[in-house]
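One structure is given here, and the rest of the page talks about it.
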């Protein structure tokens with residue numbers, strides 16, 4: 001049962017032994033028509049409104065020492081994860097963000113770039129960040145160890161947070177859909193109502209997770225400046 005349940009996350013489309021499911025990672029770009037980029041419309045205005053709100057918030061988090069244009073990276077990350085989370089809610093579309101190799105690749109790349117930049121350009125600041133202000137001398141070695149461990153596990157926690165939330169919602173929807181095969185009509189209506197509510201909840205989770213990953217990545221970036 002568990003094998004069949006989790007098999008919904010397995011890549012299943014192959015051509016010449018190459019998995020084509022990962023193409024769905026970039027399929028969100030197909031939903032943006034060419035007219036969007038050249039002629040202002042309501043979709044463009046909505047996109048522009050969200051982008052400006054995110055830009056202002058990320059700019060405040062990065063502070064005055066933030067690199068010019070760095071907010072574009074995190075806005076792009078937000079929309080990239082958002083597209084993939086939403087597309088995974090549609091039938092027969094592969095959910096790439098429910099796989100650790102996808103989410104860990106994103107988080108590990110960002111974390112490594114922050115660490116390399118910080119240690120090369122702000123070495124003294126990185127050492128100071130290891131010990132919070134006011135720490136007693138006797139606790140300093142332990143604080144360095146704790147801060148180092150918490151720093152190392154950051155990409156893993158980002159990846160697991162995104163993957164676990166995506167998997168949990170899909171498993172709930174799959175379990176409910178499998179139980180409704182032999183149900184009477186009045187119970188089936190209740191089940192469909194619950195599934196619709198769950199789908200709305202999963203849509204909210206898709207937005208929230210995109211926002212959380214982007215905000216945390218921005219905070220990690222601000223710590224190295």
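Backbone N, Cα and C define each Cβ position, glycine as well.
Annotated transmembrane segment per TrEMBL: 20-39 (among others), in sequence order.
If you look up TrEMBL, you'll see 72-93 (among others) marked as transmembrane segment.
Per TrEMBL, transmembrane segment is recorded for 100-120 (among others). Panel annotation: around the transmembrane segment (100-120), residues 22, 25, 77, 81, 126, 151, 154-156, 158-160, 162-163, 213, 217, 220-221, 223-225 of the same chain, lying at least six beyond its termini, place a Cβ under 8 Å from a Cβ of the stretch.
The list of residues near the transmembrane segment (126-146) in space but at least 6 beyond its ends in sequence, with Cβ under 8 angstroms from a Cβ of it, reads 118-119, 223-224. For 126-146 (among others), the entry in TrEMBL reads transmembrane segment.
According to TrEMBL, the feature transmembrane segment maps to 158-180 (among others). Cβ atoms under 8 Å from those of the transmembrane segment (158-180) belong to residues 5-6, 8-9, 81, 85, 88, 95, 97-100, 103-104, 106-108, 111, 187-188, 191-192, 194-195, 198-199, 201-202, 205, 209, 212-213, 216-217 of the same chain, restricted to positions at least 6 beyond its ends.
Look at TrEMBL and you will find 186-208 (among others) tagged as transmembrane segment.
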